[in-house]
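> Please see the structure below; I have some questions.
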């Protein structure tokens, strides 16, 4: 069993040793700051994010209100901090759901092989047909608007991309001698998968999760921008861009641009981080696979189901 | 080649069938009975209810309902909008032009600006390259709704160069009204295409076959065009096609931001007002377009690279 | 002197590696007369390919050259634009790996006719007719069909014939063949080599033939230059190179090749590893590995000097003459100088 422990340690060790470089470290810093602000948000908040005072609509920054007010006279900083919570929590749920389902599918397909693998691959090929945002709109129409429906819809739409990517890696891992050795020793399939395959795929999973966090953030913000996700008056960066639209037209772009800017900064941070994590190289580093990931994304086109 | 095309066609048909099933099944998956979903919770006079029951075969099993809906869709009958009291097909026909124009315009910007910027960066290492790389790194992360706000703020409200809202009348006015939306839709995609163009042209320029061409005294411009760019056309074309496909869904964002009455905006409005026939019809059209474009991209890549078609693997 | 087609004098090339300039060629001098075949032999990294590339100015970006290359009396280093392209059509190159050196996504016809259509402004049809004729000459039948095929549909040997045909279509005066048969299997190697030799003689082409195979060079070339660590060690009539080498390195190279004519249990290996030009010590570059080296060899770099109808860069060349090979053709590796 010693060989196996070594294999597991190698996986964890690569993460720890990873040099992110100055840009990657800065990106990690941005993410950490955003998370801290989101968690501590209400405590730091200078005002009630939902208290409106029409007298100060579109008012410029004032003492105690460093970013000024939106069109309904609500404090912008308070709303940005409040919005950070849903804007980060939503993508987190999407990524957790889609990664869990995608990893399970990928490993099951790679492990079983044969018809199950073929069936999963074919099914994934078909589900590629649904751009995440479109599926979210459909789901919102059926179940009513809300963050929950959007999260589930996006998670479902992401699964094929994740599963397809991980299936290749899982297949390679499954072919390694240590897996054969474990099987010979009589270890169960589930135990091998959970204790050895998943930990060894972890760097790749972490890198992909980071990249998809950025994509999920944009897609969720789009759904909220449509009015089909987080519902006003709750603050959310996507909602704020939508409600800031009338401000932009009247020459008060602060709300829309601040909220949009928060999304852009975090998306850049997640992209930079995801591309520098040790598992990123294993994700088939063709740049168009990554940059191509927008709503209608197709990763690893000829990679899997051929 | 023929067997490849047949395989792609079968895949295309299967994908379309499953997608349409997903679109249709939404109606049955909805909480409450389908009639409530169809009416969007509105109370309807009994004769309308009877009409809906008959039209959607609500008393029949699911597969029968799906088959009759799909049959109707194939004949161009997508039902009636409860809210707008209009044929969904007619509605789609009226709105598709704006979306098509918007995506076409944006695709043009992506190809021209993206390839030009990428080529420039690939051929001019140093300052030009650094500027393009830095600019595209930022722009590629700007989602269309943020780009839309920034463009409206600067070019429509600030500089007053172009209109911010509406469809415009006539060709010239229409183009003027579509310019900012198309830029918002194209920005991130153009940046992505510029980046792939830069890396793949660089990669090709470093290849041995390019050396052969230079060694044979072919003028450099021709070497770049006939060898580097031609060989990079597969990744560039694939990414461009994928981004254009993604615009089919993202156009809705830009249409909402700029108050354009295209298909995407129609879909969002229908989803907000629970006008389910419209949601189904527009979703079906958009998904079909998405799948078709993606298939075209695959086939196009196979045509551009003889090794994919004939060798099976590259 | 004016009979020579190509004159390389004191060619030194530096390449930037991790911020510093490293020499890859040192003081290389070489000349090729019209219609003459010259071999350029050396181990990998000895600078033979770099020499060929320098002749048509195909060096990597950032390379710095010293010395003069004259082609038909013109300074190659001063050529720009159209004049440089004209040089590159007059000096054709055949590369080692045809698979990598032919554009994979264009047809064989595109590859063959590109030069003709660009430089001679021939119509597609006229260029293709010529291409089919030359394909026939290099032993490819059904040329018209081949023109429509893609490189990946052709075998390596066929593709190298296509590359040779492409070179011949430019109607050059000088052919630079950079290990044209190394990537091919043995039987194909012999065929391609024979073809190259025959076509060259028919057309009175000058040839710079680059190889690591001394015997092969001797078989094809009138004269052969031996390179080591970016320097020319010896230039000699090919017929004499094997039996009467002037430089200990040539002798070592000749001995390291298996021969059908003699039996050996083990091929004598030269101790040490081949050096790159930038690693070479201040004295003779081969000094550290040379069985005949004296203290003086390590102090001063020997110049390439005329000797016995050839040239050698060895301080002891004259003294060692005839001692580098024993009666059985084995090299003398011991230190005795009886």
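Just so you know, glycine gets a Cβ as well, placed from its N, Cα and C.
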> Which stretch, out of B:78-97, B:178-197, B:198-217, is listed as transmembrane segment by TrEMBL?
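Result: B:178-197 is the stretch TrEMBL calls transmembrane segment.
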> Given the ranges B:259-281, B:282-304, which one is assigned the annotation transmembrane segment in TrEMBL?
B:282-304
> Quick check on the annotations: TrEMBL lists transmembrane segment for one of B:48-70, B:232-254. Which range is it?
B:232-254
> Assess whether the transmembrane segment (B:130-158) lies in contact with the transmembrane segment (B:282-304), where contact requires at least three Cβ pairs under 8 Å among residues 6 or more apart in sequence.
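When sequence-distant Cβ pairs are counted, the transmembrane segment (B:282-304) does not touch the transmembrane segment (B:130-158), since fewer than 3 lie under 8 Å.
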